[in-house]
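Marked as domain 'PTS EIIA type-2' by Swiss-Prot on the basis of sequence analysis: 3-142. Annotation source Swiss-Prot lists active site, tele-phosphohistidine intermediate at His63, citing similarity to another entry. Per Swiss-Prot, the feature phosphohistidine maps to His63.
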Amino acid sequence: MSELFSNDNIFLNVNVNSQNEAIEKAGKALVDSGAVTDAYIQAMKDREQVVSTFMGNGLAIPHGTDEAKTNVIHSGLTLLQIPEGVDWDGEVVKVVVGIAGKDGEHLDLLSKIAITFSEEENVDRIVQAKSAEEIKQVFEEADA
């Protein structure tokens with residue numbers, strides 16, 4: 001899974017003022033990497049209106065609606081490390097993983113991310129990481 005995380009799509013020490021701003025940043029990174037079209041960002045916001053993508057342990061995993069599958073060019077991930085946290089429907093989120101999955105691949109990605117974040121130690125390591133490589137290593141170890 002770490003192969004879907006390029007160093008260019010891992011953003012350290014991000015400051016955002018709102019959940020909406022965090023979704024926009026994650027979505028823009030997916031657009032910039034060529035994984036999705038611009039329309040996918042709105043689909044990420046639309047999904048959030050229907051159901052929160054907060055997963056617990058300081059993690060949110062915004063992704064597009066099922067109808068937005070046509071806006072996915074190839075699978076991709078982006079990660080925002082937000083050490084100060086951002087309010088996410090009353091919860092504090094310190095890591096946002098934006099997800100775009102092609103051909104149903106997002107379900108596998110969601111599962112692997114949830115497993116990684118089920119360990120509090122992994123969450124702490126990601127929030128405190130000083131480099132993209134450190135973050136990728138946490139996922140590689142969890143995926144082993």
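Glycine is treated like the rest: Cβ placed from N, Cα and C.
In the three-state DSSP scheme, His63 (active site, tele-phosphohistidine intermediate) is classed as strand. Assigned with DSSP, the residues of the domain 'PTS EIIA type-2' (3-142) fall into helix, strand and coil as follows: 70 helix, 33 strand, 37 coil. Summarising the environment of His63 (active site, tele-phosphohistidine intermediate), the number of other Cβ atoms within 10 Å of its Cβ, over all protein chains shown, is 26.
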